[in-house]
Amino acid sequence: MQPTLFIDRDGTLIDEPKTDFQIDSLEKLKLEPKVIPALLRLKAKYRFVIVSNQDGLGTDAFPQTNFDKPHNVMMALFESQGITFDEVLICPHKPEENCLCRKPKIKLLDHYIRKNLFDIDRSFVIGDRETDMQLAENLGIRAIQYDPQKMNWDLIAEKLLGETVTNCGKRPPRFAEVIRQTKETDIKVQVWLDEAGVNEIKTGVGFFDHMLDQIATHGGFRMNVQCKGDLWIDEHHTVEDTALALGQALKQAIGDKRGIARFGFVLPMDECKAECALDLSGRPWIKFNACFKRDKVGDFSTELTEHFFQSLAFSMLATLHLNVTGNNDHHKIESLFKAFGRTLRQAIRIEGNEMPSSKGVL
């Protein structure tokens, strides 16, 4: 069985026009940024299959010839750069036709399933829509949701290849596993500080899962987080205890801190301005400055943002300063998690062999 990437076409490999959502002319054909370099990096490890919904293909509203011309040029362009696709699987039906082959249904991939043609543990669906995520779930494999800003092709390749980003290779890989069980939560956290990859995060709080993924993605490491908490009450215990377990796991994985950079500072500028300063000092402290207008973002209470970072800092024994300004609460919270991830990436990087302290101990 071969590791396979089942890749969406419109909005993932090529730009999808927001006017009519059809690529029916050469003028509309535009590759997504960095898709060719990423696929070239991935092709030695994965087979590529395109899986695409094309609403009304072959009808007067979307003639087959209008589809074929830009599609064939796209395929020729990929092939000219050394990228080939084993198959191109297309559902031509509209949603109201209720067919069996339209994503997220799996009829298009029936032969892959019946003949065991893909490695379930090492195959992925890559796409920009929720239907792609549901397709992966129906196939029993993992998914990566493409987004040109938040999860672009560079990051996808980094995740799938699990590239070493923080360790020069002269030390054993830095790994830790923490299991934390209380009457309120049952948590398992695993962190691999010296490899990037696909993170498996399930806490039952969707927005929180996304924020934790931001830490690992921008921190350049891989982690798994599984949490079963008393969400019938609220998400407080889940967020707090996950922070405590994650902080403990990071502390254990970092080890005695010999050779690490220790400090990190980042000031990313987007529509929000987020500042983060971190010292893996062994002395826990936090200064947090953020104001939120909304009580919740999705299923996540905004007041828990500060509590998460406070619990994390004290569990890691780290000094942490966070500040954010902006107008959109979703973006402000996300920028804090991203900034922390980028700062942590600097602090855990191995630079030598010395203890980064005049005291000789941290």
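Placement of Cβ uses the backbone N, Cα and C atoms for every residue, glycine included.
Small disclaimer: the values here were computed from a predicted structure and weren't measured.
Here Swiss-Prot has ASP8, ASP10 binding Mg(2+), and the candidate from ASP121, ASP128, ASP147, ASP154 in that same listed site is ASP128.
Under the DSSP three-state reduction, ASP10 (active site, proton donor) is assigned to strand. Ranking the binding-site residues CYS91, CYS99, CYS101 by C-beta neighbours within 10 Å puts CYS91 at the top.
Cα proximity to ASP8 (active site, nucleophile) (within 10 Å) is found for none of the binding-site residues CYS91, HIS93, CYS99, CYS101. On the backbone, the CA of CYS101 (Zn(2+) binding site) and the CA of ASP128 (Mg(2+) binding site) stand 18 Å apart. By a simple count of nearby Cβ atoms, those within 10 Å, the most crowded of the recorded positions ASP8, ASP10, ASP128 is ASP8.
Listed in sequence order, ASP55, GLY56, CYS99, CYS101, ARG102 are the same-chain residues at least 6 apart in sequence whose CB falls under 8 Å from the CB of HIS93 (Zn(2+) binding site).
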